[in-house]
């Protein structure tokens, strides 16, 4: 929603302040296939395995999202 940096549903989330819906100090992300321990995963980390001859999807190192490259099983 507007003004939110993260989903503030769970007070146990170490990356997101449940009271403000903002990332905690030092956190880059709170969830996503390319988010691990509140940090963006390294560029090239496989975040989704492809099906067949397509390439696996990999993290960009700049976002918690996993960009789609091909077909999946």
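Each Cβ is built from the backbone N, Cα and C atoms, and glycine gets one as well.
What Swiss-Prot records for 6-21 (among others) is disulfide bond, and it gives similarity to another entry as the kind of evidence. DSSP assigns residue 6 (disulfide bond) to coil, not to a helix or a strand.
Long-range Cβ neighbours of residue 8 (disulfide bond) (same chain, at least 6 residues apart, Cβ-Cβ under 8 Å): 16, 17, 18, 19, 20, 21. Here Swiss-Prot flags 8-16 (among others) as disulfide bond, drawing on similarity to another entry.
The disulfide bond annotation in Swiss-Prot covers 15-38 (among others). All protein chains shown were included, and the count of other CB atoms within 10 Å of the CB of residue 15 (disulfide bond) stands at 20.
Residues annotated as disulfide bond in Swiss-Prot, with similarity to another entry given as evidence: 29-35 (among others). For residue 29 (disulfide bond), the same-chain residues lying six or more positions away in sequence with a CB closer than 8 A to its CB are 6, 15, 23, 35, 38, 39, 40, 63, 64.
DSSP gives residue 59 (disulfide bond) a coil state; it is part of no helix or strand. For 34-59 (among others), the entry in Swiss-Prot reads disulfide bond.
Feature annotation from Swiss-Prot assigns disulfide bond to 47-66 (among others). Counting only residues at least six positions away in the same chain, the Cβ atoms of 33, 34, 41, 57, 58, 59, 66 sit under 8 Å from the Cβ of residue 47 (disulfide bond).
Positions annotated as domain 'Disintegrin' by Swiss-Prot: 1-73.
In the three-state DSSP scheme, residue 15 (disulfide bond) falls into the coil class. Most other Cβ atoms within 10 A: among the disulfide-bonded residues 6, 21, 34, that distinction falls to 34.
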